[in-house]
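Novice: Take a look at what Swiss-Prot says about it:
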- K189: active site, proton acceptor (ACT_SITE)
- Y64: substrate binding site (BINDING)
- R88, E225: pyridoxal 5'-phosphate binding site (BINDING)
- K189: N6-(pyridoxal phosphate)lysine (MOD_RES)
Amino acid sequence: MAFPPPPRTGLDWGKTSAETHVHGHVECRWTRETGKWSEPEFVHDPYLRVHGLSPVFHYGQEAYEGLKAFRAPDGEIHVVRPDYHARRLIHSSSLVSIPPVPEELFLSCVNSAVGMNADIVPPHDAQGMLYIRPVVFGMGAWLRLEPPNEYLFCVFVTTAGAFHGSEPLDALILEDFDRAAPRGTGSGKVGGNYSPVIRWSQQAKQDGYDITLHLDSQTRTEIEEFSTSAFVGAHVDGEDITLVVPDTTNVVSSVTCDSVQQLAKSLGWTVEKRSVKYEELSCFSEVMACGTAVTLVSIKSITRKSTSDKFLYQSAAETMGPCAKQLSTLLHDIYKGKIEDEFGWCVKVQDPVSLRKRKAVDDEMRQVKKTTLNGHTRGEQTVQEVN
């Protein structure tokens, strides 16, 4: 059967969710005994058998990633910037004492997880994407606050749409909760950075806000990031456009934000990565939130309740701002293969079955070569002994 297979029939691609049936996920294990990660295994059961005393449950020892895959016009499937995500997972893992998943292994596991579920990658002209969720965590019966003897790395996939949709959002600055402390774990994608904000995000939604924004916890005078995505501001002065991105070690290094900056530079725009003072919110022509799940969405307004400040932007007219629209269109066109990917972001998914067969042949050839070389060596030693 040709790879990749066509999209599965009978799915409403506009209404897919994490409950969409998938064929399975990929697993690798690390043990202290071997000191390395095992060969990837494709597992059909979506449920994990993990000891109840595993550190992931009690100490939050886990890190994760989020990538996406799209189908191009020719039917090929591409994963967006998997190398960047691999390096980011290594960084996140280092913050919570998890052995790094080598980049090559990460890429192989992502390719296998996507390739084995290729039929649920949406059609090229459909809304949505295949969302890829790598996760690594400490496991096994382990109560001590020390590195355990075993870790599990998994790559799951599911169908998904844009997290916030495409309409401009109303943002609320959180003032009663600090996302991350200086010199803390704010730069990592670890669970402890996200679950505490859930109750605040839910309260904000009840109050009529779509997304929450964080100031720095030390001085509360600088913009850091949205709870789900990176912050990008735009100054527009006629034909001159400047994007401003907060430069702080307390936020996650956003893959999409990095892509947006590269796109902006290719368009001749100026990009400034620096500290962004709260007072500067009133000066931006546009504000955007960008991330893997949200892609790029305009911010309609930003509210700070304690000061009664409310900043309105060009997108207040219920349409995406012009800068956001241009960048978003370019991103999606590159992701879906409509225009040339001059940045090399999109990596083609290979048939995992063919790759496994090829690897098996290569391994066998290496073993034969090794055996032959050892045989020659033993033969030479025998000749020397006879002489």
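Each Cβ is built from the backbone N, Cα and C atoms, and glycine gets one as well.
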Novice: Using K189 (active site, proton acceptor) as the reference point, find which of the binding-site residues Y64, R88, E225 has the shortest Cα-to-Cα distance to it.
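Specialist: Checked the binding-site residues Y64, R88, E225; minimum Cα distance to K189 (active site, proton acceptor) goes to Y64.
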Novice: List the Cα distance (Å, whole number) between Y64 (substrate binding site) and R88 (pyridoxal 5'-phosphate binding site).
Specialist: 9
Novice: So if I draw a 10 Å sphere around the Cβ of E225 (pyridoxal 5'-phosphate binding site), how many other Cβ atoms end up inside it?
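Specialist: Its Cβ has 25 other Cβ atoms within 10 Å.
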Novice: Once near-sequence residues are set aside, which residues in the chain of R88 (pyridoxal 5'-phosphate binding site), 6 or more away, have Cβ atoms under 8 Å from its Cβ?
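Specialist: Listed in sequence order: E65, K189, V252, S253, V255.
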